[in-house]
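Here's the structure, in structure tokens; my notes come after.
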Amino acid sequence: MTDIQCVIFDWAGTIIDFGSLDPVLAFQSAFNAAGIQIDTDRIRQDMGIEKHEHIAKLAKMPEVQRAWFAKYKRGITDADQLQLFNYFEQFLLNRLSTETTLTPAVLQVQTYLKAHHIHIATTTGYTKAMLAIAAKQAGLLGYHPELMVSKEDVAAGRPAPDMINHIMTAFNITDPQTVVKVGDTVIDMQEGKNAGVLTVGLIESSSLLGLSQAKLIDLPQKTRLAKFAEITKTLKAAGADYVIHNLSELPAILAKYQTPQKEHA
């Protein structure tokens, strides 16, 4: 049995922003400002990758290119993409500054990890500027990871394993099976699998579900169960070793990998 040494969390949809609503709203607002409508599902399908890359992927979608050409009589340029990103970034920075809340059980899980001497780290699709504000606001609410990594710290963003590898090196961890990646997207699971670590997917707060806590509560039981089953299947297909409803279920999974001596230390 191998003790878990580090748990690496995603941010939006995992630690903050139940339903990962803010990035979707920011992407839609950026394209709406340019007169282009984008469906929420199309935005969410690549959720978790670095945000410049996400803008570029959205700009390459055939329906976006057709709408852009119809409006502007030309294709989308690099300058257009930069303008879209700048709008997106400012919108999201404002949301992070004013709307950041923790998802349920974050602080309880943090207490568990610290009590068991397990490192806490994060990876993200946020830029450093976004991460700085998210970390500051989450810190005011009591969440304090030891190490936070963005794509700007490494050669390649998610789903590449570079950010996780960076964290393992920083903590002198050599066995990836002593590391757990927790996230709410397909990209999170792929990142974890590419790094060879254990992966845990979240359902209730996830981008895949895409609902606020209030809307989740109002969801009919039959619909809820069907959606949960679909998300579980999606996360498992992406490489999730475990799929849980929310973070309150994480300690029970981690306990399976702790030696009795450490469990009762």
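The backbone N, Cα and C atoms fix where each Cβ goes, and this holds for glycine too.
Features reported for this protein in Swiss-Prot:
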ACT_SITE  ASP10  active site, nucleophile
BINDING   ASP10, ALA12, ASP184  Mg(2+) binding site
ACT_SITE  LYS51  active site, schiff-base intermediate with substrate
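Between the alpha carbons (Cα) of ASP184 (Mg(2+) binding site) and the residue listed as 'active site, schiff-base intermediate with substrate' lies a span of roughly 16 Å.
The Mg(2+) site is defined by ASP10, ALA12, ASP184, and by the 8 Å test on Cβ atoms against their centroid, the other residues of the chain that qualify are TRP11, GLY13, THR14, ILE15, ASP17, SER20, MET47, GLY48, GLY183, THR185, ASP188, LEU202, SER205, SER206, SER207. Sequence-distant contacts of ALA12 (Mg(2+) binding site), defined by Cβ-Cβ distance under 8 angstroms and a gap of at least six in the same chain, are SER20, ASP22, PRO23, THR124, TYR126, ALA134, SER207. ASP10 (active site, nucleophile) is surrounded by 29 other CB atoms, counting those within 10 A of its CB over all protein chains shown. If you measure from the Cα atom of LYS51 (active site, schiff-base intermediate with substrate) to that of the residue listed as 'active site, nucleophile', you get 14 Å. In the three-state DSSP scheme, the residue listed as 'active site, schiff-base intermediate with substrate' falls into the helix class. In the three-state DSSP scheme, ALA12 (Mg(2+) binding site) is classed as strand.
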